Ligand code: GLY
């Protein structure tokens, strides 16, 4: 899942790594998580800047620290300690992201409205199962255009943007972070699987639940 998400982070089409959307200050701030369904161990980073592959930093949090989440300056300090190179801020900024940010400021559109108009420009994720039934998931995002500086969405939050448990399955989410957090979407999917739903049916039920409860949109 780390390798898959790294490839998507490099793809400018997606809102993760290179191609991340810009916050209200016009900067990239990214969130990512990785989770191992054998141990329920997860690692995540939030509000990290100048890193090409936040998902790999999240994996280092899982494997090399006693913590689950490290944010902001601390995440960048941790990356420095590991020798992960910092990239110049502009290297992650694409024309599409700049355009969306300018459109937001020109028309003063609501962040949620702009979010709905982001045609296919969204969070990335991967899930995997090996031959022994071990599952894993990873999610990475730049968040939503013009988000407040320091805003953290669902993606790096365990049970919200991702969840993996060998006893049920692995989930990665995309969509409106505030809504996803309200219903702990990833854990809601595995809960529905525990109750006997197939993966597809659990995903469908959870998306409908989010729509009905908080009028949220997204996918898993
Ligand atoms: N789902 C990504 C975010 O809202 O930040």
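Along the chain as shown, the residues are counted starting at 1.
Even glycines carry a Cβ here, placed using N, Cα and C.
Please treat TrEMBL annotations as automatic predictions, because they have not gone through curation.
Noted in TrEMBL for the protein shown:
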ACT_SITE  123  active site, nucleophile
BINDING   151, 152, 153, 154, 174, 175, 176, 177  substrate binding site
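A separation of roughly 15 Å, to the nearest angstrom, links the Cα atoms of residue 151 (substrate binding site) and the residue listed as 'active site, nucleophile'. DSSP gives residue 123 (active site, nucleophile) a coil state; it is part of no helix or strand. When the binding-site residues 151, 152, 177 are checked against ligand 1, 177 have a Cβ within less than 6 Å of one of its atoms. Sorting the binding-site residues 151, 176 by the number of other Cβ atoms within 10 Å puts 176 first. Put simply, of the binding-site residues 154, 174, 177, the one whose Cα is nearest the Cα of residue 123 (active site, nucleophile) is 174. By a simple count of nearby Cβ atoms, those within 10 Å, the most crowded of the recorded positions 123, 152, 153, 174, 175 is 123.
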